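Everything on this sheet refers to the single structure shown next.
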Amino acid sequence: MSTMKFCRECNNILYPREDRDKKILLYACRNCDHQEVADNNCVYRNEVLHSADERTQVLQDVASDPTLPRTKSVRCANCKHGEAVFFQATSRGEEGMTLFFVCCNPNCGHRWRD
């Protein structure tokens, strides 16, 4: 990822622009006619890093999410509550989707997968 680029002619910021005919990325000045070919096709990259606490909080909050489906056909192994929220997601290091359950008991929040 490169840093901001500046015009060699007038020292203003160069902005990314596409050359549709040649199908290349250019950096062009908006004040003069200077432009240069980009050395990398990545204009912006946003990396989101989550801490373990944030991920745990997200899983605990799903029990109160009214948009997720609920089932009464499973029992929580911890508190024996008869209702759980469920959703599908990929597990770390596994291919395919896994069915996750989260207990709807506000004092429990136990989560398991099928």
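Heads up, the Cβ atoms here are built off N, Cα and C, so glycines get one too.
Note on TrEMBL: of 7-32, 59-84, the range annotated with the feature zinc finger is 7-32. Mean model confidence of the domain 'TFIIS-type' (72-113) amounts to 85 (pLDDT, 0 to 100 scale). Note: the zinc finger (7-32) comprises 0 helix, 13 strand, 13 coil (DSSP; helix = H, G, I, strand = E, B). Shown for the domain 'TFIIS-type' (72-113): DSSP residue counts in helix, strand and coil, namely 0 helix, 15 strand, 27 coil. Fewest other C-beta atoms within 10 angstroms, among the binding-site residues CYS7, CYS10, are seen around CYS10. Cβ neighbour count for CYS79 (Zn(2+) 2 binding site): 13 (other Cβ atoms within 10 Å of its Cβ, all protein chains included).
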